[in-house]
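Presented below is the structure to which this report refers.
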């Protein structure tokens, strides 16, 4: 026992560098632990830790209350592609008969006003002698001098045809236009390629003539008819420039 104490003392002396005043130190065995002390006071709260990651979503909750009211209508969408045409339906029932035209007051009023306007227009144009009314015919000229074929196209484009007098009254009306412009005019008659006689443009035979004495002559060469300023007729080739007079 004393040897152990001596070794410890020498070691302590060498470490501390102290040569004298050494003390004998002896370490004993650990004693029996004492009884635990009473619990101390609670410590203070620590600092807040770092925010953790979000947790997983919770389970689906139960349905809510009653559905809300429908929202307002949205904007109209673009029209879709047209579908195929359906089958033709059955004819509908026949409607009740309408009133006779003579009893339709509105129609009669419209016709009366239209007739009045037409007569007014004709009257105004007649003052300029560019339009003359004889019976159910209307003769008109635009003062142009062109060949026979061009006159045909001009009159047809206006809805009429080359003037062709069929009575002394009609011939006098056409002659008054010829006198006004002081130039000859072609009439709506042509020589038949078969008989050589003159006929109307639709092929019907002529029922009225006012030939200049000794006319017509030059069969086969002069296949059109012109009117002099005195209203008499003469056959002529169709390539001359003559006053265009149309009838409607």
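For all residues, glycine too, the Cβ spot is worked out from N, Cα and C.
Close to residue 217 (Ca(2+) binding site) in the fold, though at least 6 residues off in sequence, lie 235, each with a CB less than 8 Å from its CB. Summarising the annotation, Swiss-Prot assigns Ca(2+) binding site to 215, 217, 234.
What Swiss-Prot lists as compositional bias 'Basic and acidic residues' is 42-51 (among others).
The compositional bias 'Pro residues' annotation in Swiss-Prot covers 54-65.
When DSSP labels each residue, the compositional bias 'Basic and acidic residues' (84-93) comes out as 0 helix, 0 strand, 10 coil, counted as helix, strand and coil in that order. For 84-93 (among others), the entry in Swiss-Prot reads compositional bias 'Basic and acidic residues'.
According to Swiss-Prot, the feature domain 'Collagen-like' maps to 28-100.
If you look up Swiss-Prot, you'll see 132-248 marked as domain 'C-type lectin'.
The 4-hydroxyproline feature in Swiss-Prot is assigned to 30 (among others); the stated evidence is similarity to another entry.
Feature annotation from Swiss-Prot assigns 4-hydroxyproline to 33 (among others).
Residues annotated as 4-hydroxyproline in Swiss-Prot, with similarity to another entry given as evidence: 36 (among others).
The 4-hydroxyproline annotation in Swiss-Prot covers 42 (among others), and the record cites similarity to another entry as its basis. A coil conformation is recorded for residue 42 (4-hydroxyproline) in the three-state DSSP classification, outside any helix or strand.
Among the features that Swiss-Prot reports, 4-hydroxyproline is placed at 54 (among others), with the record citing similarity to another entry. In this chain, none of the residues that are 6 or more apart from residue 54 (4-hydroxyproline) has a CB less than 8 Å from its CB. According to DSSP, residue 54 (4-hydroxyproline) is assigned to coil rather than to any helix or strand.
Its Cβ placed at the centre, residue 57 (4-hydroxyproline) has 6 other Cβ atoms within 10 Å. Residues or ranges marked as 4-hydroxyproline in Swiss-Prot (evidence: similarity to another entry): 57 (among others).
Summarising the annotation, Swiss-Prot assigns 4-hydroxyproline to 63 (among others). In three-state terms derived from DSSP, residue 63 (4-hydroxyproline) belongs to neither a helical nor a strand segment and is classed as coil.
According to Swiss-Prot, the 4-hydroxyproline annotation covers 67 (among others).
The feature 4-hydroxyproline is assigned by Swiss-Prot to 70 (among others). Sequence-distant neighbours of residue 70 (4-hydroxyproline) (same chain, six or more apart, CB under 8 Å from its CB) are absent.
Marked as region 'Disordered' by Swiss-Prot: 29-103.
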Ordered by sequence, the long-range same-chain Cβ contacts of residue 234 (Ca(2+) binding site) under 8 Å (at least 6 apart) are 211, 212, 215, 216, 225, 226, 227, 228
So which other residues, same chain and not among 215, 217, 234, have a Cβ within 8 Å of the centroid of the Cβ atoms at the Ca(2+) site?
-> 211, 212, 214, 216, 218, 222, 233, 235
DSSP state at residue 217 (Ca(2+) binding site), helix/strand/coil | coil
Cβ-Cβ distance under 8 Å, sequence separation of 6 or more, same chain as residue 42 (4-hydroxyproline); the residues meeting this, in order, are none
